[in-house]
Ligand SMILES: Nc1ncnc2c1ncn2[C@@H]1O[C@H](COP(=O)(O)OS(=O)(=O)O)[C@@H](OP(=O)(O)O)[C@H]1O
Ligand SMILES: [Mg+2]
Ligand SMILES: [Mg+2]
Ligand SMILES: [Mg+2]
């Protein structure tokens, strides 16, 4: 088995961060606004602090490329927010100080290199605020290839009716598993088979502005998916495809933001989980996602995630659309 220590460290960190996020969510957090107008909450910061501390302590040589940074929190006007974040972090690390919290968050300001971690402390912040789906997503990348992905989806039940909370783990060459965030055995997961008509659904973002829902639906129809899309926030969509509950996840560039480029932390963990479950992940032109060059995937457009079998058909339908 490879990456055993890495896996242990980040599974433990992801479970702790997921608990912190659920604690915050029970108190219904107000959102703060980032410079790009997107929302961020005390849970995004708290989750990044807990995970970056764990990775930085265990692997001090490794760079971490995280979504958030602590610059805004050092503004004296943000003192009350920083204190709140610190209180939540103390439920996991009782001795934590505000100064340490900002320092741990800023461990996520690393650069993409030959070996690095990428972290989305809360993917789907809008979903988190809506009490819908979100994910804590961590991946280890070596020489441009994702080697390990750990994704906690605190609001996603394994089977309908179960207590929500699913943890996905994948190591390159060793398959993908899921388990309950509340404990229990890990089960191997596989993508949906071509003849499993009941699960030939497709998933897309809840937020219409994060994709092109008109074109996504047209392409799904063109490849024979007749059911309406299932709209889910965050990389939980990758988990759903990897578990065989949907055959396709499409994310096509939004006509409203044609210059948007995808971030590595929005895809790295989810992508390895799907690939190790037997699926395929490319951009809309069939190019592999580029995790080698920087935090933005500047050479890629959109994302297509499938069970593999239908992938070429989807890419062909996209060319024709
Ligand atoms: N214009 C545009 N196009 C594509 N993607 C965008 C865009 N704007 C934001 N984002 C990123 O979307 C991340 C949320 O993922 P989803 O779209 O899958 O979830 S959601 O339905 O919007 O909640 C979200 O991740 P978080 O910021 O971690 O929540 C953003 O990185
Ligand atoms: Mg964000
Ligand atoms: Mg994200
Ligand atoms: Mg995020």
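Including glycine, each Cβ sits where the backbone N, Cα and C put it.
Unlike curated records, TrEMBL annotations are generated automatically.
Of the residues 212, 266, 283, 293, TrEMBL puts just one in the Mg(2+) site with 67, 120, 122, 123: 266. Excluding 67, 120, 122, 123, 266, which define the Mg(2+) site, the same chain contributes 119, 121, 124, 125, 135, 137, 234, 235, 263, 265 within 8 Å (Cβ to the Cβ centroid), listed in sequence order. Neighbour density at the Cβ, taken as the number of other Cβ atoms within 10 Å, is lowest among the binding-site residues 123, 266 for 266. Around the Cβ of residue 120 (Mg(2+) binding site), 31 further Cβ atoms fall within 10 Å across all displayed protein chains. Residues within less than 8 Å, Cβ to Cβ, of residue 122 (Mg(2+) binding site) and separated from it by at least 6 positions along the same chain comprise 21, 41, 43, 44, 47, 128, 134, 135, 136.
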